[in-house]
Amino acid sequence: MSQEYTEDKEVTLTKLSSGRRLLEALLILIVLFAVWLMAALLSFNPSDPSWSQTAWHEPIHNLGGMPGAWLADTLFFIFGVMAYTIPVIIVGGCWFAWRHQSSDENIDYFAVSLRIIGVLALILTSCGLAAINADDIWYFASGGVIGSLLSTTLQPLLHSSGGTIALLCVWAAGLTLFTGWSWVTIAEKLGGWILNILTFASNRTRRDDTWVDEDEYEDDEEYEDENHGKQHESRRARILRGALARRKRLAEKFINPMGRQTDAALFSGKRMDDDEEITYTARGVAADPDDVLFSGNRATQPEYDEYDPLLNGAPITEPVAVAAAATTATQSWAAPVEPVTQTPPVASVDVPPSQPTVAWQPVPGPQTGEPVIAPAPEGYPQQSQYAQPAVQYNEPLQQPVQPQQPYYAPAAEQPAQQPYYAPAPEQPVAGNAWQAEEQQSTFAPQSTYQTEQTYQQPAAQEPLYQQPQPVEQQPVVEPEPVVEETKPARPPLYYFEEVEEKRAREREQLAAWYQPIPEPVKEPEPIKSSLKAPSVAAVPPVEAAAAVSPLASGVKKATLATGAAATVAAPVFSLANSGGPRPQVKEGIGPQLPRPKRIRVPTRRELASYGIKLPSQRAAEEKAREAQRNQYDSGDQYNDDEIDAMQQDELARQFAQTQQQRYGEQYQHDVPVNAEDADAAAEAELARQFAQTQQQRYSGEQPAGANPFSLDDFEFSPMKALLDDGPHEPLFTPIVEPVQQPQQPVAPQQQYQQPQQPVAPQPQYQQPQQQVAPQPQYQQPQQPVAPQQQYQQPQQPVAPQPQYQQPQQPVAPQPQYQQPQQPVAPQPQDTLLHPLLMRNGDSRPLHKPTTPLPSLDLLTPPPSEVEPVDTFALEQMARLVEARLADFRIKADVVNYSPGPVITRFELNLAPGVKAARISNLSRDLARSLSTVAVRVVEVIPGKPYVGLELPNKKRQTVYLREVLDNAKFRDNPSPLTVVLGKDIAGEPVVADLAKMPHLLVAGTTGSGKSVGVNAMILSMLYKAQPEDVRFIMIDPKMLELSVYEGIPHLLTEVVTDMKDAANALRWCVNEMERRYKLMSALGVRNLAGYNEKIAEADRMMRPIPDPYWKPGDSMDAQHPVLKKEPYIVVLVDEFADLMMTVGKKVEELIARLAQKARAAGIHLVLATQRPSVDVITGLIKANIPTRIAFTVSSKIDSRTILDQAGAESLLGMGDMLYSGPNSTLPVRVHGAFVRDQEVHAVVQDWKARGRPQYVDGITSDSESEGGAGGFDGAEELDPLFDQAVQFVTEKRKASISGVQRQFRIGYNRAARIIEQMEAQGIVSEQGHNGNREVLSPPPFD
């Protein structure tokens, strides 16, 4: 079928006409234009150049370039959000044109006009609805100009709700005009879709999937045809039967599941084993179920059947005999594993009457049951009616797999293996029917199905399938096996029986975890006691046998042959029982032995998942814990007296330690100790300790060849000098050659020496795996008050140490005391130092971190939950701002707002003719009217034609340093001088580079956050640079802010707190700048980065660069020094105003020179002050430091001093700043990052643990070449015009400041400094009472 379809639909390439070529090419271009337009609309950015935006300073962000930006801006301005639908409409029109390009219909101009009217109505109403109900997009109206006009027209007349309804009505009419669809049709379509969805959902919920589907039934029929042979019936009958079955199954899906098939089974008179549903085979040989001899409801066939055993002339026992032959020949349905038994041949069918009868007992294999037979006593006679070949029905073949099966044991075990069938009427017992059914089950193939039959036929049918209630049921003995080889057919059970049985079995599987399976009642009931099925007890077995008694003798031989054949594949073994049901037996291969009730034992994994530990597991854990305790327990090596002595020594040591911590060092000296007694006690103690050590190592046995113990071997002079001091000094342990001894399996006990008895040192014996090198001295962190004692934590508790261990705590060993064995320099005692005092010179070793830079975990993390922005409150504030501006006769509209962590900026669109200066002058009045602390007016917003109004938030958020440092802008910046400032009003981090500033001036009043901002910048560089990259010179006049950084390896010198030393440090920076410029000039580079690259290149070439300016007398170096990498130098001055007030004008020139020239040399200044007045921040300093940061200041004058413009006086404080970056005149408002003192101390301690600072000598010291402490009598400190001024004064013989000022055209201050320098040199005299000076130097030589 598919081949024919392919041949009919073969595609051939046909050429288009010229008109169609042009049309398709044009359509393709239009579609591409629509795609480009959609990309331009989606990537629209307000800062791009467009019709409403003409000035920009950034690259174009729009994907469509400049045309895309212009077109997107125009469409948004006209249509608003409806501009996004324009590309979709264009693509739809192209598709419509391409689909109807071949239609030659005449154009209906009236219809075209109606469609045009509908399109216009849709566009206008859509824009109007968007303008009324949707939020604005960017700075455009949501409906564009069209929507704004409609909304402003309709709202005064109909309000927003009425306008929306009116526009919806017009939109509906426009849709009908444009598409030609009736709304009735649209409603019907919508209703039909909804009903289809509901119908589909309801059918899905009512569908029953508890049994197999129709396809599975069809597969079952095909499978049975393949395995059991072709059914002998006409094709018409099979088609009719299949149609009836499908219709019945379709009807059963929509009826009550609990009552399904009930009426048909009870009142229709049909047999549930009719051919229309079930086929019957016996070991692969087909048998007719409608045989007149074996049916209980009719005696004649409705039609002639050539395979009828009565009409075709074949003997009635042929099907049974054929089945027996098939069983013995192939055993195709046998279990996978069968026991090998000695069975007689099949030929011996005639047996004497003395042979016992057998009960046909089905035995399951690993997956399915295999029916086998076992001998039974004569007490179970078989009725002749059950030996007829009509029992070949394969009902069990079609029933589902069950987890268990009934077993019926015979009364006594007989040695014979041949079956015997007694006459039926001799013993009419109720169990005979059940016994006969067991026999019949051997004729049906049950290899792939469970042999238990859990159904009963109604009373109207022959009780051939009546099964007894098993004595012991096991519904959850093992999981229900999944049959994949043969799909099960429909069982002859009522549907409610199937559902209830399956659900009950699932419930029992879930409930039966640890309880044994209960035994059912011993009554002949159906499997489920809750179900009532017709019983066969009402029909006596004798009457049932009499119905077919004439045929009993003819079938007996066939039955015996079949039973004999079945014994070939079944083990002959049975249990003795007194006529009742036999107990539950074990299933499997071999003899079936009795066993107790079956209980499902959970696995270890299941028990562990429920937290239940098996006894073996608990015992193993107990043994492991006992072994761990015994690892340190060496009680078998010591007697009770020794253990008591060790405990007393430990108690005495702890008491002595407590007293020493309480009273200090004098506690040991207060105890009078005689020298002779002390020596004797020391010798005795050493002897005892040595004996104990030998006992620990060698279990009390003296090794062969060992030298005897002698105190003379351990006497040396250092110990005698330390006898009176005791072990309370933190001394190191000398290195002793260890004695290689085998490791003991159990760690020795700990025994502490009493500190009151100074003793001689003893030799230290260590295990081979222990390190011989002495450990460094550590102080115990739990006891910082008494650091005299030296503690060393044991690393390997198994190996014994020379110290003594405590037997009471084997799991957590106590710190070990080490004996002093050699005199060392006494360590500084800080017993009297309070733990809260700062230890600037603290040399205690710290744990060295493994990371190259400090971890962000040292800083406080920001809160995980951030309070959302209240847009409703912002809208209310925007309306309030408009109202307050209208009170001052300023018409402005709030078009946008940008909420930040501290403030919110409202963008005002002023009316034509309104100046921004008017709002700036009203800043205080607006703050008063809006009930806020301060209002800052931003007259120019870059990239926008609006005026900004910054108002503080009601709830201020804290900006944490960690969240700013953990940012891509900071991480990706390669500069080691990268600093973070905080966040801007939009919440974006602000990161600056000190190398590009290149100097920074910070000003702010007390409490404005200036010191916190400086700390944030220092921590930023500490998180970014190594000490070899950046070095600091910190000047802190207050000795509070920067002194905390004392001891970090980045410092060039100690934190400078004396202002005279500060002037020397600045002077050293000037000299260092000059030296670096000389070196860079010799290497031909322009900045410090290029210089370091040259040095690195020389190192890679393995040819270091020698210092070109070194002379042999310059230093004590024996060899020519080479150039090394130079770090950046950052000079931080915390209180610049105090420095200026203390030193005066002496440092102004130094700062000015550094600000002018130090950038290329890698020296940068950071000056912070509280008072940004003109006498502190002079014009000379401001001119060379373009980068400024202004925190809150007191007045506009101070704001203009620091920023050259107002605005800093209206800041909110607590880190709120204005940052004026390099090459920018517009300041940026930044909310500074908050840094706690604990975070600063944590980072400082982290860097202290990494290494000690390498201070440079001579930075703060005075030298003759430098002219003293801040003096100007050195040649390098004189003014460049000093020599010319001296010549001018000596020639004119008149020394006046005004004369020097006029002659050289310099400032008054500079001229005054030159005259002062002349006075210091002795060229002119001091100023007289009249203000004149005398020239003391002689005139120049002519």
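Note: Cβ is positioned from N, Cα and C throughout, glycine not excepted.
Annotation source Swiss-Prot lists topological domain 'Cytoplasmic' at 1-24 (among others), citing similarity to another entry.
The transmembrane segment annotation in Swiss-Prot covers 25-44 (among others).
Taken from Swiss-Prot, the feature topological domain 'Periplasmic' covers 45-74 (among others). Taken through DSSP, the topological domain 'Periplasmic' (45-74) splits into 10 helix, 0 strand, 20 coil.
Among residues of the same chain six or more beyond the transmembrane segment (75-98), those with a C-beta under 8 A of the stretch's C-beta atoms are 23-24, 27, 30-31, 33-35, 37-38, 41, 44, 51-52, 123, 126-127, 130-131, 134, 137-138, 140-147. Per Swiss-Prot, the feature transmembrane segment maps to 75-98 (among others); the stated evidence is similarity to another entry.
Residues or ranges marked as topological domain 'Cytoplasmic' in Swiss-Prot: 99-115 (among others).
The annotation transmembrane segment is assigned in Swiss-Prot to 116-132 (among others) on the grounds of similarity to another entry.
Residues or ranges marked as topological domain 'Periplasmic' by Swiss-Prot: 133-162 (among others). Mean pLDDT for the topological domain 'Periplasmic' (133-162) in this predicted model: 84.
Residues 114-115, 117-122, 124-126, 128-129, 132-133, 150-151, 154-155, 157 of the same chain sit 6 or more residues outside the transmembrane segment (163-179) yet have a Cβ under 8 Å from a Cβ within it. Annotated transmembrane segment per Swiss-Prot: 163-179 (among others), in sequence order.
Among the features that Swiss-Prot reports, topological domain 'Cytoplasmic' is placed at 180-1342 (among others).
The region 'Disordered' annotation in Swiss-Prot covers 345-386 (among others).
Among the features that Swiss-Prot reports, region 'Disordered' is placed at 434-489 (among others).
Annotated compositional bias 'Polar residues' per Swiss-Prot: 437-448 (among others), in sequence order.
Per Swiss-Prot, the feature region 'Disordered' maps to 576-862 (among others).
Note: the compositional bias 'Basic and acidic residues' (619-628) comprises 10 helix, 0 strand, 0 coil (DSSP; helix = H, G, I, strand = E, B). Feature annotation from Swiss-Prot assigns compositional bias 'Basic and acidic residues' to 619-628.
For 690-699 (among others), the entry in Swiss-Prot reads compositional bias 'Polar residues'.
According to Swiss-Prot, the feature domain 'FtsK' maps to 987-1200.
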Message: What residues elsewhere in the chain lie close to the topological domain 'Periplasmic' (45-74), defined as a C-beta under 8 angstroms and at least 6 residues from its ends?
response: 36-37, 39, 83, 138-139, 942-945
